[in-house]
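According to TrEMBL, the protein has these features:
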{"type": "COMPBIAS", "residues": "1-11", "note": "compositional bias 'Basic residues'"}
{"type": "COMPBIAS", "residues": "12-23", "note": "compositional bias 'Low complexity'"}
{"type": "COMPBIAS", "residues": "72-88", "note": "compositional bias 'Basic and acidic residues'"}
{"type": "DOMAIN", "residues": "116-151", "note": "domain 'EF-hand'"}
{"type": "DOMAIN", "residues": "152-187", "note": "domain 'EF-hand'"}
{"type": "DOMAIN", "residues": "203-238", "note": "domain 'EF-hand'"}
{"type": "DOMAIN", "residues": "240-275", "note": "domain 'EF-hand'"}
{"type": "REGION", "residues": "1-28", "note": "region 'Disordered'"}
{"type": "REGION", "residues": "72-92", "note": "region 'Disordered'"}
Amino acid sequence: PRRRRRRRRRSAGSPHSESPSSSLARCLPAGRSPALTMARGGRDRLLGLALGLLLALVLAPRALRAKPTVRKERVVRPDSELGERPPEDNQSFQYDHEAFLGKEDSKTFDQLTSEESKERLGKIVDRIDSDGDSFVTTEELKTWIKRVQKRYIYDNVAKVWKDYDRDKDDKISWEEYKQATYGYYLGNPAEFQDTSDHHTFKKMLPRDERRFKAADLDGDQTATREEFTAFLHPEEFEHMKEIVVLETLEDIDKNGDGFVDQDEYIADMFSHEENGPEPDWVLSEREQFNEFRDLNKDGKLDKDEIRHWILPQDYDHAQAEARHLVYESDKDKDEKLTKEEILENWNMFVGSQATNYGEDLTKNHDEL
């Protein structure tokens, strides 16, 4: 079936796909996580947040009277920056460049000459060839693409790390995170008794603690950088997928029966205009629910069906892109690439573009 999907775009300042405290995240300005909002501003930020929540409530009726096309995309793809391949565009190779270099770095590759680009591409090839046999296989190329696409995650964690690592021991304990995020709320609960965010904070705290424990693989109540990355970006880690599913269920399941029925499924992506007709895409989504989401045809989605919906396993974008690059550059058709073959087809990988990214890749980066 042809599925209508709008890719969710995450800015560098928003570390969560469906963030810890996701109900609060929806009330924050785009690109700002609840953790950062609370960690960096104390009382003023919290008061501002309360005003924001109040404003959202005030404006809600007006929004419901507006054109009813509010839609949320729940589908999560681990290769977050790698979307569907557009129609063939072999003149610019833009998709290939973004897949191979990362979206932001590919934009800066216009600074160098072709010779400089090829020189730096050669350094990248040496890093991709992980076993040092002078060939780049599809698997090595896929691994590289996945790492490049994850790089923005590690960059983001690096940016927020100091806000939580208060004792500077290069670890973040649950207490450090809790105090940085909820400290003012916990210390001044009376100020929140009559505001709508009191209930939100009260719900967020145990939810964040549950996610933190899931990310804390050794159970020492302290997160390493990798564990904290899993906490902030659970969709990127296999052992965190159940948390993603559970949080999605909790967000959508308004009647608390442990399932998502069709009306809850639609309500999550569509704010209905009172007595107004549903747009065609909503009717299509109802059909999608009945035909492809509700696998056992019992009229509701359980956790397994939610996982199948939001964490689809039917297509690996990195694998497909790696195969494409190998196919287009493999002159002798031995299903692997030499450095010479890659450099001969350099414009597909990097174009007449480059940046200090090539030099950056010659340095040691644990995340890559």
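The backbone N, Cα and C atoms fix where each Cβ goes, glycine too.
Quantities reported herein were computed from a predicted structural model and do not represent experimental measurements.
Summed and averaged per residue, pLDDT over the domain 'EF-hand' (116-151) gives 90. Helix first, then strand, then coil: DSSP counts for the domain 'EF-hand' (116-151) stand at 27 helix, 1 strand, 8 coil. For the domain 'EF-hand' (152-187), the DSSP counts in helix, strand and coil order read 27 helix, 2 strand, 7 coil. DSSP labels the residues of the domain 'EF-hand' (240-275) in these numbers: 19 helix, 2 strand, 15 coil.
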